[in-house]
C-alpha cells in the first residue's frame, strides 16, 4: 500500500514538473529573463530528484544477478551525481550571464512575458502544495480508518506504526519543499512586476539569479555529501557505530565484537557485517545469539541486510618480541 501511494504521488509530481519546466525555461528565454530560467533550473533539480526516486523504486524490485550480487542500487547514486553536475553546469552559465548583465546593463527584458510566466510558476506551485496537502490527509485518513477496529498491542514491535510515520513525514517534507518553491516563485513574480512597471529597475533580474543560485547550491550540496558517503562506503549519518556495538555487547553470551562494518548500498538501504566472539562454553547457543543479533540490526537499527558471523572463544596469547626475549636472556 505504501509503495503504491509513493508511486502514485511521484508520478503525479513527475507529470506536473515535466509540463511546467519547459514552460518556465522557454518563457524565461523568450522574455530574456535569467531569474525565470534560474527558477526553472531549481525546478529541474526537483525533477531530477523525482526521477531518481522512481528509479530507486524500480531498482528495488529487481533481483540481484550473478555479476551484481548486491543488485543495482548504486545506479541511483551515479544518476544523482550526474544530474547534479548537469545542474551546476547550467547554473554556472546563468551566473556568468548575470554577472555580465550586472556589469554592462545592456539588455532588455520583456516584462509582459516575464510576468505571465512567473504567474504560471506561482499557480503550479500552489496546485502542487494543495495536492500534497490533500494526499497527506487522504492517506492518513484511509490508514486510520482501515485499522481503527484492530486492537492495539503493548508489545515493543512498532515497525508498522514507524513505517506509517515515515510515510507521513515524507509527504510533510515534500509539502515543506513545495512551500519553499512557492516562495521562490513569488519572488520571481515580484521581480517581474517591478520590471514590467519600472523597467529602469531591471537589475532585479540578475539579483534574483544570484539569490536563486544560492538556493540551488543549498539544495544540491546535501545530495553530493550523501552520495559521497555512499560511494566511500561510510556509515550513514543516522547511525552510531558505538551505539550498535554497545547494544550488541548486551546480548547474552557475547564476549567481544571482533569486527563491525556498516555501509549503504544506496539511500535508505543500510547493510552490516558483524563478527562476534562467544563467551567460553556457549558455543551450543550460537543460533540463539545469531538470531538476537540479526533481530537487533534489522528491527532496531533498520538494516536492509545484515550478516552475523560467530566464533567460539579463543584466548589471546601475548607474543613477546624477539628483542624482549634477548634482553631477558
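The backbone N, Cα and C atoms fix where each Cβ goes, glycine too.
In TrEMBL this protein carries:
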type	residues	note
TRANSMEM	14-31	transmembrane segment
DOMAIN	18-232	domain 'Cation efflux protein transmembrane'
TRANSMEM	43-61	transmembrane segment
TRANSMEM	77-99	transmembrane segment
TRANSMEM	111-132	transmembrane segment
COMPBIAS	139-149	compositional bias 'Basic residues'
REGION	139-164	region 'Disordered'
COMPBIAS	150-159	compositional bias 'Polar residues'
TRANSMEM	174-195	transmembrane segment
TRANSMEM	207-224	transmembrane segment
DOMAIN	236-311	domain 'Cation efflux protein cytoplasmic'
Cβ-Cβ under 8 Å with the transmembrane segment (43-61): same-chain residues at least 6 beyond its ends: 3, 6-7, 10-11, 13-14, 17-18, 20-21, 24, 71-73, 75-76, 79-80, 83-84, 87, 90, 177, 181, 216, 219-220, 223, 266-269
Positions on the same chain near the transmembrane segment (77-99), where near means CB under 8 A and six or more residues out: 34, 37-38, 41, 44-45, 48, 51-52, 55, 205-206, 209-210, 213, 216-217, 220, 223-224, 227, 230-231, 266-267
Chain residues in Cβ proximity to the transmembrane segment (207-224) (below 8 Å; excluding those fewer than six residues from its ends, i.e. six or more beyond): 34-35, 38-39, 41-42, 45, 49, 80-81, 84, 87-88, 91, 94-95, 97-98, 180, 184, 187-188, 191
Tally of residues which DSSP labels helix, strand or coil - the domain 'Cation efflux protein cytoplasmic' (236-311): 27 helix, 30 strand, 19 coil
Sequence-remote partners of the transmembrane segment (14-31) [C-beta within less than 8 Å, at least six residues beyond its ends]: 37, 39-41, 43-44, 46-47, 50-51, 54, 109-111, 113-114, 116-117, 120-121, 124, 127-128
